[in-house]
Amino acid sequence: SGHHZBSTBZASZSSKPCCRZCACTKSIPPZCRCSZVRLNSCHSACKSCACTFSIPAZCFCGBIBBFCYKPCKSSHSBBBBWN
């Protein structure tokens, strides 16, 4: 199992940490939290992932960082997100 950190974007997009909904406090350093709900798992860099017991499970990441991850690229192009 070769694990390459510096893989290209062609690797699996879903394994890269990303977040569509992220909010930060105005403190210094900022406290940022991803509020995006994902099905069955959290993003790859999440340390404290919490999931519901439903099927499929709804998971969210409880980590607090001083930055936001880049928005996730979706499989279909939604250009509307950038307006």
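Numbers run from 1 along the shown chain.
Positions of Cβ are set from backbone N, Cα and C atoms, glycine also.
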C61 - recorded disulfide partner, Swiss-Prot, among C22, C24, C32, C46: C46
Cross-link partner of C22 (disulfide, per Swiss-Prot) out of C59, C68: C68
Sparsest-packed of the listed disulfide-bonded residues (C22, C42, C46, C49, C59) - C-beta count within 10 angstroms: C49
Shortest C-alpha distance to C49 (disulfide bond) - which of the disulfide-bonded residues C19, C32, C61, C68: C61
